Amino acid sequence: MRAERTSFLLALGLLVAGIRSVHCLPENVVVKDQHRRVDGHTLASSNTDFAFSLYKQLALKNPNKNVILSPLSVSIALAFLSLGARGSTLTEILEGLKFNLTEIQEKEIHHSFQHLLQALNQPSNQLQLSVGNAMFVQEELKLLDKFIEDAQVLYSSEAFPTNFRDSEAARSLINDYVKNKTQGKIEELFKYLSPRTELVLVNYIYFKAQWKTPFDPKHTEQAEFHVSDNKTVEVPMMTLDLETPYFRDEELGCTLVELTYTSNDSALFILPDEGKMRDLEAKLTPETLTRWRNSLQPRRIHELYLPKFSIKSNYELNDILSQLGIRKIFANADLSGITGTADLVVSQVVHGAALDVDEEGTEGAAATGISMERTILRIIVRVNRPFLIAIVLKDTQSIIFLGKVTNPSEA
C-alpha cells in the first residue's frame, strides 16, 4: 500500500425541471432479472430509515435554515460505491444505509437497487423522472473489469476518462455534466477539486411533475410567511379549493396534507404544532411515515394557501456520514474492489439540490408548511410557517426529496 493515498470523490447531483427522461443503461447490456433481491417493502423501509437519519443530521447542522436533499440520490451513490468496498468498509456502508446484514446479502442489495433504477427510469407521459450514475476516471487509472461491468449492469453508470492533474478543467467537465443532466439547476456541484483526485462518482436525479389539480396564477397574491416569532416575510401565495388526502395527528402534534401529481405520485406537507418542530423531527421513522400514509383520508379543503418559491442547497456530507457510522471511506478505506489495491480514499462527498414550486407543479421538489384553521363546515389550510415536506414515488415508495422549509423567500 502506498504511504500517500489518492483522492476519490463521491458527488450527488440532483434536480427537477426537464423535458425528457434519460436512460443510462448501455444499449448492448441485456439485464435478466433472475437474481434474488430485497423485496420492495424492505428496500423502501431501509431507504426511508436512512432518509430520516440523514435529514436529522442536516437539520441539526443547519438550524433555522431551509434543508432540502434527495436521500435517494445519496443512498444510490453510496450503494454504488459499495461495489468496490471490502471488509469492514463494505459493512459500514451497507449498515449505514440501514440494511440488516444478518438478513440480507450484499448481492441482493445491489440487485434491488438495479431493479429500482430500472423502475424509476421507465418512460411516462405523466412524469419526467430520470436517475443516473457516472464515473470520472483519471486517464491512467486501471479499474477492475468486474467493477466496470457491475457499475454498468447494476447501476447503469457511464464512464468518462478525465485528466484530474488539470483540476480546473476536470472540475468544469464534471460540473458541466451535472448541469446538463439537471437542466441547469445544479450549476456548480464542485467548487474545488484536488489534482490528486483519481476517481469521481456522480449520481443525479431529474424530476418534474404537474399537480393533478393545478393552482390558478390569477389567484396568486403576496402574503405573510412567519419564519419565526419575530420574523415575517412576504411571499407569493397560491390558493386552491380541492378535495385531497388529509390527516390530523394528535399523537405527534402535527397536520398533514397530501397533494398528488398527474402521475399519482405525491408531495406530503407536514406542519408541526407551534413549538413542536424538534419533537416531530426526532420521531421521524419509517413506521411513522407508514402510519401517516395509512391514515390520510380525502377531505374537502375550501382554501389551501401554498407559497410559490425556488430554493437551492449544497452540502458536504463527510462529517454527517461519519455521524451515521460511515467513517472508514474517509481515512482507512478498503476500496480494493475498484482497482485491486487499497490506496483509494474518499476525500469529499458533495450533495446539491434545487427545488421549485409554482402553480403548475414541482420542479425538483416542493416545500411548504401547513397552518390550519377549521370550522364546522370549512377547512382552511394556510401554508404560512415552517414545515416539512416529503415527495414520495407511489410505485416504489421511494422518498426522492425530503426537507424543511423555514423561509421560502431565501433562494
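The backbone N, Cα and C atoms fix where each Cβ goes, and this holds for glycine too.
What Swiss-Prot annotates here:
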- 1-24: signal peptide (SIGNAL)
- ASN100: N-linked glycosylation site (CARBOHYD)
- ASN180: N-linked glycosylation site (CARBOHYD)
- ASN230: N-linked glycosylation site (CARBOHYD)
- ASN264: N-linked glycosylation site (CARBOHYD)
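Structure with Swiss-Prot features highlighted.
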residue : record                      : Cβ within 10 Å
ASN100  : N-linked glycosylation site : 10
ASN180  : N-linked glycosylation site : 12
ASN230  : N-linked glycosylation site : 6
ASN264  : N-linked glycosylation site : 13
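In the three-state DSSP scheme, ASN230 (N-linked glycosylation site) is classed as coil. ASN100 (N-linked glycosylation site) sits 31 Å from ASN264 (N-linked glycosylation site), taking the CA atoms of both as reference points. Residue pair ASN230 (N-linked glycosylation site) / ASN264 (N-linked glycosylation site) shows a Cα separation of 38 Å. Cα separation, ASN264 (N-linked glycosylation site) to ASN180 (N-linked glycosylation site), rounded: 27 Å.
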